[in-house]
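Below is one structure; the comments refer to it alone.
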Amino acid sequence: MPALCLFGRRFHIATDDIPVLAVVPALFHTGWSIGLSILWGVLGRPKGCHASPGYEVALAGLLASFVLSAVVQWAMVWEGLKGSIFETSKRWRVQYLMYAEMGLIVVELGFVVYGTVLLYQTPPVCFKKNAVLWSPNGVMNVAIWATWAILGLMILAIVLAWNFFPDYADQKSWEHRCFCITLICCCQFQRSSEGPDGKPAPYARLAELFVQIFGHVDLVLTDVIVAAILAGQAQRCKRHRLVQDIVKAAEGADGSGSPRHPVPDKALSGGSSGSNGLSSNGENGDLILQIYPMQSGDPMLQHMEKHSEEAGLTRTNSRPTHLLTPSGLAAELRPDWDPQEAVHRQGSHYEAVLSDDVYIAAHFSKFAFAAYGYMLYIWSQPRAKGLCKLCLGRNCGLCCGPLRRYWSSFQARHWLPDVNIANHLNREAIQQMTGLPDREVVFVRFVHESTSDKCLPYFIAVDRETRSVVIAIRGTLSLEDCLTDALCEPAELDDWIKEVHQGSGPRSFDSEVPPVQAADRETQTQAHSGILDCAKAVVADLQHEQVLQSLLEFRSMHPNKPQPKHDCRGYGVVVTGHSLGAGAAILVGLYLRNFFDGTKVYAFSPPGGLADPRVADAVQEFCTSVLIGKDWIPRLTLATFERLRDEMIMAACRCKLNKAQVMWGVICGKRWKEEELFLPEAEVAQEASDLLQQYTARLHRSRSDHRRLASARNFVPPGRLMFLRPIKVATRTNIVKRKYDAVWIKAQELMSEGILVSPRMMADHMPDYLNSTLQRLASARRRHGLHAAPVDEGASHDSPHIHVVSRGGSSSASEHSSLRTSKQH
């Protein structure tokens, strides 16, 4: 960073990206320069053949351009490797070398065109008569087409790196960029800057969010990737320091003396005080990073110091005393500790989850996983096992099921049965994942079948085992779903939860669903607007289909519809989902709670920035949210993402390696020590310190300009939070295996730890992994009881006993009434 500027235009690459892009053409030109020099100088042209001056001119021109290009490109590689990410002044020559390379591309292109013309002419006769080790015509043929290929790749790289919207701080540039992306990906968004309801179009709302997050510093894509890697390494250093403190404290308490593996002094010490606005403070070498020369009472300075501490880049005396997500370092430092004891030492105040709660969560996780349909089912199975089970499982249910449904449609005089193969595959996957027979999967809303494009696919099933009607909503599975996740501005939730309808009397389930409106100063409860849009569409679809009412009341809701096959009077309602589906399930359950007493919600990996703390606390009695390990989606809020961004900038400022070294270390799986990767505070470059000061000033101005997102920073994941805590265990083959135990945590504890950058952050979010972990944990609890050892990551499992979900209205009154507002329309 910053982005490379050529001809007055910012590109999508930085000067330290050039070595990676230049090394391939440099090797090509070097190889051809050596080859043509040998052929030209040692072998010479065919004897007695004087009809080849055109070939000689073309080859000589190519040779000269190859040599010059190789020199310039290797110079670009050398210069581009100088300095760390923010030390752009050390790479000032790269820009001028790029201008030289552009000129050489034009020269090389001219000789290639000339050589191509010669190739399509009849070669001299003497080339064929005089048999030599090489023929100018043959060499020209290979050289010309190889050069066309490398030139094509270079020109393609230039076109892809060209930035059509160069201003990273301008919202209009971000709007154009978001609109082009949604247009290329065929997302169903409006072309106008406003939607049909007068609200800004989704791409305009995304642009405002991106300006708020990324509009403060000039970063390209590779800068973001490397900075995220560095932030993860800084978090690891911070967590390791905390574990070392915990181990030392334990040794002092039990008198066990020094650890089996002494803690290196370098890992606990920092650099000395120096210039560049960096000063030291504290005891025992603890350093406080004074990032730039501001007054100590400046709120922005305190903001950056706070985030630099959380990034592991500031040493203070007030560090946290426990870890929510335990580290495996404690067991390495103290091999005499049992893994469970090591985890207990790192965080001992968490309440264990009872077995009954684990059983019921594991039971409904199958429904949340099944909502994704056949694609995720096939992907979750090894090799072709998933496809074979889908086609042949349940006694060839994929073939027999559609035939039974066709016959039912024929008997009901529906002459056009469903012939969509994907729909039958999805239904079969749902039945195999849930273990339900065909008749108990009552209704499936497939993709693009609803009248609203915001309605997520879902299905309704009758679960005899728990005497409940289950509504399972699909999570994020498309680009449009990802964009919905990103529309995080606060929306009003007051009308969603009140008992009266437009001030005229009690509201019924058939009443019109309240519209989604932006939150204002009078709003008492707020939620994620994108997810609230999806929940509104799901509720509207439930009202239109009337399947839920007919099941619970055991009567046809329309004269033209048959009597329901299931008598579900007295059954409870359970709404479940994963990821985006979990967020929608919580809001749908909150709405259904007004009309169906005893509605329960089981949300798996719900989005962290879903609702304000008041809503999150009020739904705890009927909503259980299940989180696992380092899954980043439940930790993702606007506040935690901004903190991660700050951590990335801070880590990049102190990095002593260049971008290529960091990327190569990641590819090779290198685990750096802190002193190998980060500079002492006193040695941070002045250029990085100045850039950090500019970043903070822009951040302050941006927050004052985008106050509409301010309340979204307080959002948290709702409900009781069941956390599947990972316990790392080293095997004899030095392969780390994970075991899990279940504890109750608070939302603020999760937000305090924030997003942990790790390879596990996406793997832990996958619904099949969460489902299989819950099934194994429930099975282990069933075999050994509540105080059993945590479940092994690879253990087998069987079906646990499931307790009946009771349906009663009395328990819901207290927490739901706390959300209701007296606001009238």
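Yeah, the Cβs are placed from backbone N, Cα and C, and that goes for glycine too.
Look at TrEMBL and you will find 20-43 (among others) tagged as transmembrane segment.
Sequence-distant contacts of the transmembrane segment (55-76) (same chain, at least 6 residues past either end, Cβ-Cβ under 8 Å): 18-19, 22-23, 25-26, 29-30, 32-33, 36-37, 40, 45, 93-94, 97-98, 100-101, 104, 107-108, 110-112, 114-115, 118, 136-137, 139-140, 143, 147. If you look up TrEMBL, you'll see 55-76 (among others) marked as transmembrane segment.
Marked as transmembrane segment by TrEMBL: 96-121 (among others).
Feature annotation from TrEMBL assigns transmembrane segment to 142-165 (among others). Using a Cβ-Cβ cut-off under 8 Å and counting only residues 6 or more beyond its ends in the same chain, the transmembrane segment (142-165) has close neighbours at 3-4, 9-13, 21, 24-25, 28, 32, 36, 59, 62, 105, 108-109, 112, 115-116, 119, 173-174, 176-177, 180.
Residues annotated as transmembrane segment in TrEMBL: 209-231 (among others). Below 8 angstroms of C-beta separation, residues 1-3, 10, 12-14, 16-17, 85, 168-171, 174, 178, 311, 486-489, 641-642, 644-645, 647-652, 655, 659, 662-663, 666, 677, 691, 694-695, 698-699, 702-703, 706, 709, 757 of the same chain, each at least six residues beyond the ends of the transmembrane segment (209-231), sit close to that stretch.
For 251-279 (among others), the entry in TrEMBL reads region 'Disordered'.
The annotation domain 'Fungal lipase-type' is assigned in TrEMBL to 470-639.
Outside the transmembrane segment (571-592), and at least 6 residues removed from its termini, the chain residues within Cβ reach (under 8 Å) are 364-365, 367-369, 371-372, 456, 458, 462-463, 466-476, 481, 484-485, 496-497, 509, 513, 527-528, 531-532, 534-535, 538-539, 548, 551-552, 598-607, 610-611, 615, 619, 622-623, 625, 633, 718-719, 765, 767, 770, 805-807, 819. The transmembrane segment feature in TrEMBL is assigned to 571-592 (among others).
The annotation region 'Disordered' is assigned in TrEMBL to 788-825 (among others).
TrEMBL lists 806-825 with the feature compositional bias 'Low complexity'.
Computed over the domain 'Fungal lipase-type' (470-639), the whole-number mean pLDDT of the model equals 87.
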